[in-house]
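For reference, TrEMBL has these:
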TRANSMEM  B:26-49  transmembrane segment
DOMAIN    B:26-373  domain 'ABC-2 type transporter transmembrane'
TRANSMEM  B:176-202  transmembrane segment
TRANSMEM  B:223-249  transmembrane segment
TRANSMEM  B:269-290  transmembrane segment
TRANSMEM  B:299-319  transmembrane segment
TRANSMEM  B:352-373  transmembrane segment
Amino acid sequence: MTNQEESTVAQGVLEIDRISKRYGEVVALRDMTFEVRAGELFGFVGSNGAGKTTAMRIALGVLAADSGEVRWNGEPITFETRRRIGYMPEERGLYPKMKVLEQLVYLAELHGLSTNDAHRSAENWIARLGVRDRRNDEVQKLSLGNQQRVQLAAALVHEPDVLVLDEPFSGLDPVAVDVMSQVLREKASAGVPVVFSSHQLDLVERLCDRIGIVRSGAMVACGTVDELRAGGETRLVVEVPDAAEGWADGVPGVRVVEVQGPRTTLELTPEADDQAVLGAALATGPVREFSRQRPSLTELFRNVVTEEGVA
Amino acid sequence: MRRLSPSRAVLLVARREFLGKVRTRSFVIGTIVIVAVLAGYVLLQAVLFDQAGRSTVGLNGQATVLAEPLKETAKAFGREVSTVDVTDPAKAEEDVRSGDLDVLITGAPDALRVVVKDNLNSELQNALDAIVKQQVLNAQLAEAGLDPAVVAKNMAAARVTVVALEPESSQQGQRLAIGLVIAALLYYSLLVYGTMVAQGVVEEKSSRVVEILLATLRPWQLLLGKVMGLGAVGLVQLVLIGGIGLVLSTTTGTIDIPGLAGGALATGVLWYLIGFFLYATVFAAAASLVSRQEELQSVLTPISTVIIIAFVVGINLLIQDPSGTTVTVLSMLPPFAPILMPGRMAIGVAPLWQVLLSIVLAIGFVAAITWLGGKIYSNAVLRTGSRVKLRDALR
């Protein structure tokens, strides 16, 4: 939450502000709000149909919002500024019968590069993404993984100021995942706000500076992984070989989740005192392990989804 | 910030469409095949025309004096004759049997014996009859003390005066042929390149590349670039085919009216441009309603039908009577004009006011249809999935 106050300084920030979109009776987005700051990798996660793709398509202007605003550098985004976005649509989009290099040069030119710059940039990116030896092949003749690399090159070839990528990692082999991660990291380091959606939550957790979890068209949690963890229940794993069953029952705000031999997993409410737990554990005899278990993004996400089921 | 002017955007799209199509094997082979068929047709016409109009006549003995009169008289009846003197009638008869000689003539000029393989060409028959009669007449005139040359001269001067109320051009056949060829070429070009525009639109939709394109292009820029690029491909093909046809038909003498074929080609190009802009937008708008190539046929059928009707019905009417009321009216209505008007112009039956009226109507129609088609296209091109209802696309 430390950076939240700085959002008034909108330089290099992509802001999605209270975007709503309905398809007839179906509400796709409901006051969707988030921002991606300069130099930040923002992970966009949510169940299928939560509205991630719709939000991205609206940011790119290929879909019109019913209400709300998308801003770049503090100004409402225009057709001209949209040209500065690099976009990778969910359903990949390239001309199947066009050659790799020609296609990238064409897309770069359409984004305003001169023919020479377009060639230079296209050559650079196909080399960088490891598809240089396929440069004169038709896109449809490439494997899906290689098509994906070309698709990423298509998003990057005009050296965009913002990157919006819908599921860039789906269908990639581990090597390609590394290449893609590295490129995205680099772009962010260069000051480009990068937002991408993914279902690979471990990857998102590892890669992203901030994460937004979407549910039913609205942002339900947004922040760094630590911020997302804050306010939730804490889990402790304690290994006490000599303890009798129910050793921790007396500590207020503590619930036993699981007992596996000498290891006991406890869940503490925010008010509970972990030092009281340690005291109770020591009272039983030696303590071999006493650790705080940090919920992974997957668990955080599951909690949100469960809440959805309850709500 | 790098900028992209609308004109450069349209040109980039047009260039991609043009180069992408012209370099395909199907375009190159297709053009070669059409040119070959056209060349074959023209050459065949030339050969048939040549053979059909010319007879080789063998003359034997006294009949050899007929060589000059026969050539002249046959020509007057519309037949070219070349003569050879033969010395061996028996061998010459064999030549007639084998087809090397068309006719063998022996005997005295007033009692000719004519040998043919199966039947005697009627023009040649008339010519020979006339010569024989002339010989008899000359002999009788000489007996009566008159100079056959003077009589012949006086006779030649005597003729009726013909007043044609609706004079038919002597070049009617050639004009009709050119008119039909032009109409056929336009029919082919509009249908093929209109369909190509439609396929391109669906390809962009089905491959989703349209999402990337429309993040940097306005729909009208993409549509205009596509129409211009593919239209230019069609134009190149039309000019190539028309030009080669023109050169061939002129050099072989199939067409001998100066300027007619060239003029027809020029009006053909003009009408192609009008017609293509008219139909291409409609094709594109229809195609933007569907997301898969398999669904394309169903939305294109109504448009193709109009073009096919214009061609099939129009061609029949043109052959029957190019000035008839039905074909005159049809040729001025925008959807049919691009095929029928250039045909009627080549035949030479379209008055200037009709030509101008049809052009004005067509251009007005193009403006309206481009506006409407552009609207449908813009609204529908990003809606993938099931077929977009026309009503929704017009909203």
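Here the Cβ of each residue, glycine as well, is placed from N, Cα and C on the backbone.
Tertiary neighbourhood of the transmembrane segment (B:26-49): same-chain residues 233, 237, 240-241, 244-245, 248-249, 252-254, selected by CB-CB distance under 8 Å and a gap of 6+ residues from either end. Counting C-beta pairs under 8 angstroms (sequence separation of 6 or more), the transmembrane segment (B:176-202) reaches the transmembrane segment (B:269-290) with 3 or more such pairs. Looking at which of B:223-249, B:299-319, B:352-373 has the most CB pairs under 8 Å to the transmembrane segment (B:269-290), the answer is the stretch B:223-249.
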